[in-house]
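Student: Provided herewith is a single structure, encoded as structure tokens, for subsequent inquiry.
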């Protein structure tokens, strides 16, 4: 009885616990979070969807694999090589579902409608290189499918910067528009312009950290883009194993085109090469400026190697 009275007394005198104040966020941050929640809600509401079914038994389905990047890393080459496998169905165009707000707001039904028709045993693959460097994309992909398998193809960060510039430069040339030299982008006030978007896209360590918040490393296979260019078959073999595909692609599916200067594909006697926009020569860059690029990427590269437990033959 005494113990009961004592317990009652302790409950009466126990101080009221006041919850800690929530972290103060800015109006802009609150608005951004609110917009993101509404988009996610709208997307989830549209999650009750059905794929279009073809009379031959094929249907459209959400991708089980996404090539998430990186821009100018060799994503198109990787997609074309994967298309050689009979158990792969690829979305030909870059969908930009997870990184463009107007597309994401359309929901998963719209996303599925952009996919190719495939059979139940096939894996549907979509590729949008901008996904890797878009901050909101990892969480959005996770909300769609936590067990999805992701492909990330990377190349030497400095070379990727030059390829990035080269693509934009030729896009302007084709439209007969002037475009500044690469030095004007790389140098600012006599120093390396680290605010140049092409440089930011090559900071793999920074962007990879964001993806690893949502997906374990064994769900992200990193393809060595430099090796894929020089000797594609071994890299494709690794991708087949990662996707748990039967080994169907072989060395005879690749042949080196001396005119183009890179490997092309051979499928059932039919030969095809990547578009002429691929493999363009990079602009000449002063060796001193290249050294600045290599020096800048040295530490981020080291951190990236440590993060993924692999090293790459980069400067």
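Don't overthink the numbers, they just go from 1 along the chain as shown.
A Cβ is built for glycine as well, from the same backbone N, Cα and C atoms used for every other residue.
So TrEMBL lists these for the protein:
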type: SIGNAL; residues: 1-20; note: signal peptide
type: DOMAIN; residues: 63-299; note: domain 'Sulfotransferase'
type: ACT_SITE; residues: 72; note: active site, for sulfotransferase activity
type: BINDING; residues: 72, 73, 74, 75, 76, 155, 163, 263, 278, 279, 280, 281, 282; note: 3'-phosphoadenylyl sulfate binding site
type: DISULFID; residues: 264-273; note: disulfide bond
Student: Quick one: of the recorded positions 72, 76, 163, 282, which has its CA closest to the CA of residue 264 (disulfide bond)?
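Tutor: Answer for the nearest of the recorded positions: 76.
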Student: Restricting attention to the domain 'Sulfotransferase' (63-299), give the mean pLDDT.
Tutor: 94
Student: Report the same-chain neighbours of residue 282 (3'-phosphoadenylyl sulfate binding site): residues 6+ apart in sequence with Cβ closer than 8 Å to its Cβ, ordered by sequence.
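Tutor: Non-local contacts for residue 282 (3'-phosphoadenylyl sulfate binding site): 159, 162, 163, 165, 166.
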Student: Please report how many Å separate the Cα atom of residue 74 (3'-phosphoadenylyl sulfate binding site) from that of residue 273 (disulfide bond), as a whole number.
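Tutor: Per the Cα atoms, residue 74 (3'-phosphoadenylyl sulfate binding site) and residue 273 (disulfide bond) stand 13 Å apart.
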Student: Have a look around residue 72 (active site, for sulfotransferase activity) and count the other CB atoms within 10 A of its CB, chains all included.
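Tutor: Other Cβ atoms found within 10 Å: 24.
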Student: Specify the count of other C-beta atoms within 10 Å of the C-beta of residue 273 (disulfide bond).
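Tutor: A count of 16.
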